[in-house]
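**Q** Below, the features straight out of TrEMBL:
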DOMAIN    56-247  domain 'ABC transmembrane type-1'
TRANSMEM  52-79  transmembrane segment
TRANSMEM  91-111  transmembrane segment
TRANSMEM  117-142  transmembrane segment
TRANSMEM  226-246  transmembrane segment
Amino acid sequence: MTIGARWTRRVLWVGFGLFFLFPLYAMADFSTRSRDGRTVQAWANLVHDEALYDAIAVSVLLAVLTVAGMLTLLVPTMIWVRLRARWARRLVEFCCLLPLTIPALVIVVGLRNVYLWVTYLLGESALTLAFVYVVVVLPFAYRALDASLSAVDLRTLTEAARSLGAGWFTATLQVVVPNIWPGMVSAAFISTAVVLGEYTIASLSGYQTLPVQIVLLGKSDGPTSVAASLATLVFGFVLLSALSLFTRRRRSTASVAR
């Protein structure tokens with residue numbers, strides 16, 4: 001790489017860094033500003049405000065339930081399709097990517113009758129949104145898992161495990177899963193970021209999740225609303241950075257092993 005190219009790269013990095021960091025700085029400045037100087041009251045409200053605290057807890061639980069449901073549904077299905085039903089691979093891919101083409105409003109209206117039974121059986125709880133969120137995150141999770149499954153010789157691994165006496169469950173859990181673990185982690189991180197930022201479905205369904213509560217706070221307590229938004233953005237950035245670092249380490253480890 002030439003000296004000119006290096007300087008161009010550095011200038012671009014600095015420019016993009018300022019472009020993304022300046023709004024975050026403005027949010028931090030607004031959330032800590034008061035008439036008497038600086039205060040962290042808005043950040044303290046993230047814990048002390050009962051409604052906001054409950055919304056954070058609900059969103060975190062929704063993220064956990066969504067990730068668990070997504071992995072339980074998608075991992076065995078994709079493994080089985082690659083091993084026993086390769087003819088259905090395009091169909092599964094189409095079904096997983098379909099939520100990207102359906103507006104959130106249409107999803108809410110379409111599931112209204114189904115959710116009458118869900119609320120009847122499980123009660124009026126915001127955690128029931130996990131069923132919808134599993135569908136919403138399918139396109140992102142599918143791509144992450146598909147990349148990991150494409151990088152391993154799945155048929156050889158399972159046949160070797162089966163030849164040594166392992167059942168399908170044991171072969172999947174102890175042989176296949178460790179080899180696609182980076183894809184599962186990627187799918188989990190991306191799904192968590194999507195759930196923590198999802199507003200439309202929760203708002204139209206009448207549930208108080210973190211994004212909904214942030215919007216409500218913005219009408220009465222601007223600094224606290226901005227502090228909550230900034231905390232959510234930083235958390236999502238940390239998740240995606242950890243995902244990038246984790247993937248890079250796995251690739252470097254694999255290169256050294258080869």
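Here the Cβ of each residue, glycine as well, is placed from N, Cα and C on the backbone.
A TrEMBL annotation is a machine prediction, not a hand-curated record.
If you look at the structure here, what lies around each of the features I listed?
**A** Among residues of the same chain six or more beyond the transmembrane segment (52-79), those with a C-beta under 8 A of the stretch's C-beta atoms are 45-46, 92, 96, 126-127, 129-131, 133-134, 137-138, 141-142, 145-146, 149, 154, 172, 176-177, 180, 184, 187-188, 191-192, 195-196, 207-213, 217, 224, 228.
Within its own chain, the transmembrane segment (117-142) is flanked in space by residues 58, 61-62, 65-66, 69-71, 73-74, 78, 93, 95-100, 107, 111, 187, 190-191, 194-195, 198, 201-202, 205, 207-209, which lie at least six positions past its ends and keep a Cβ under 8 Å from the stretch.
Residues 24, 27-28, 30-31, 42-43, 45-46, 52, 182, 185-186, 189-190, 192-193, 196-197, 210-211, 213-214, 217-218 of the same chain lie 6+ residues outside the transmembrane segment (226-246) yet bring a C-beta within less than 8 angstroms of a C-beta in it.
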**Q** In the same chain, which residue numbers or ranges, 6 or more beyond the ends of the transmembrane segment (91-111), come under 8 angstroms Cβ to Cβ?
**A** 74, 77-78, 81, 132, 135-136, 138-139, 141-142, 146, 200-201, 204-205
